[in-house]
């Protein structure tokens, strides 16, 4: 990896953009230079990166000249508008929005799960939904050994999944309640402080919200299996950062919890956390700011001989978004898969 | 119901005791007089009830003389010590602890579900675990129409389930974090403010904590069905009051969500809350302080033709504990089932 690359971050000022900057600064990423793109509102400001003040530029037709890799995290609308322009300039767009994820021509990649799919990109690789990334990381190592038949998932999703403003809103609401004042909800539809509610993404005709269907459809695409049956209940909880998931896995035949533990203890991207004596299992405060997804509390489901229960927490801004995107970029570089 | 009854509250100063007092004050309960019993520590203090200051007495051999009904909520050890004494004095003990729940001679009763079981008591009736009460209320009306084969539950349990001190601890921790200080955990094993963790009840050899096994075993006893298969993941969340549950129900044959909605809209003890347009479903802040369990978000499980998903929130101190106990007392009075 002696070559270095021209990278642009589209959406540099958001929660994921901030995390991307931190990762590029701290990982051994072969960066030639970094361009920061954001909306016109942020244009003219600067962001400190490796001791240097980098100006934030408003995105335009020439933003992608000489760029090798675009890390896009500015929402589906922006990605749809600019991805084509970037691709024409021979850049590869690693897109964090949901705009292209279910497009058959766009690979949807978790590097620990389906790195090979990245090879066939035509200029865009989609970064999966945060909740999906965390789940696939824990389920794939078991699925490889014995195919998963059905997943029943319930999530505990932090405020930061709805962006930095939602995170601030929860703090403000919490502070208000502690002082005896009412909680005002402006970013999220209902007060989240000391409360929780089913995920506020748009509702679909199936009675599943979009977040829930992402877990279903994206997992199937990443696993390359339309047979796997998945249901999910996604819930927002008053945690600032890191999502948690209670996952029930059904296999064709029994899967020994002992074997599952052995497999997950050595699986990439996972830190296995299980202390039955002290009731110490993955927790959001211990998952926050970490690269690894914390997985543990593997149990034989006492209601079904072929089912396992497991529990995980992962930083959805890091591995659930920014880190996964940077890992995809590193994969493309390592395998020499940048051209399209 | 022209007769009136001598009632004692054992554990009058706790979170459930406080709620019992409020219910007895506000319901049309035929009270002759009320005795408040607590540990020696609270002895000598008074509690205001219907405008009168009632002294708190330390429990003794003579505490139950002439008492008709004991509402016990002082923990399993206290119940085991004093239930026998109360029964010998011809009182009926409605016990909120887990001490007698799985005893074959002790009925375990949710009045909306299995009122008839209360008839055969021998002096003790057990009040089920809070999480179990909430779940049975929502599942029983469906189970009566078409037997439930399997339940996969994930819970979102508030701090108050661990008592008033845990509730205060979460507030103190939250306040500390908002001011940039660390969160100190003394009542609960880990900080709960802006965090969550698998339920901290003692771990069993099955890898299920006691809270999870209560949901399994108590539900089977209440439903009078050892065939029903149940698995649960119980999680503490930083909500002050009211528990939530994501419940996946498997039936032998498909159960129409439309029919389930019709049934639950008219079921006793339930308030049906479902607005798909505004994504408005049961929330802890709307369930707190209410008698009814809020149930809604009924969905056809897209992973299994015979499964339904549902979501509920209920005040675990009220219907999950105090109200259910008072309802049992009212049932015994109404049916003339007090003698034993």
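Even glycines carry a Cβ here, placed using N, Cα and C.
Small disclaimer: the values here were computed from a predicted structure and weren't measured.
Copied from TrEMBL, the annotated features are:
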ACT_SITE  A:130  active site, acyl-thioester intermediate
ACT_SITE  A:243  active site, proton acceptor
BINDING   A:101  phosphate binding site
BINDING   A:157, A:210, A:236  substrate binding site
DOMAIN    A:6-121  domain 'Semialdehyde dehydrogenase NAD-binding'
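Features per TrEMBL, on structure.
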{"residue": "A:101", "record": "phosphate binding site", "contacts (Cβ under 8 Å, 6+ apart)": "A:108, A:126, A:128, A:129, A:214, A:218, A:221"}
{"residue": "A:130", "record": "active site, acyl-thioester intermediate", "contacts (Cβ under 8 Å, 6+ apart)": "A:161, A:243, A:316, A:317, A:320, A:321"}
{"residue": "A:157", "record": "substrate binding site", "contacts (Cβ under 8 Å, 6+ apart)": "A:131, A:199, A:211, A:234, A:235, A:236, A:237, A:239, A:243, A:244, A:316"}
{"residue": "A:210", "record": "substrate binding site", "contacts (Cβ under 8 Å, 6+ apart)": "A:98, A:201, A:202, A:203, A:204"}
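One way to see the shell of the substrate site is to take the Cβ centroid of A:157, A:210, A:236; the remaining same-chain residues with a Cβ within 8 Å of it are A:131, A:155, A:161, A:162, A:198, A:199, A:200, A:201, A:209, A:211, A:234, A:235.
When the Cα positions of A:157, A:210, A:236 are compared pair by pair, the longest gap among these substrate-binding residues is 14 Å. DSSP assigns the residue listed as 'active site, acyl-thioester intermediate' to a helix. For the recorded site, residue A:243 (active site, proton acceptor), the DSSP three-state label reads strand.
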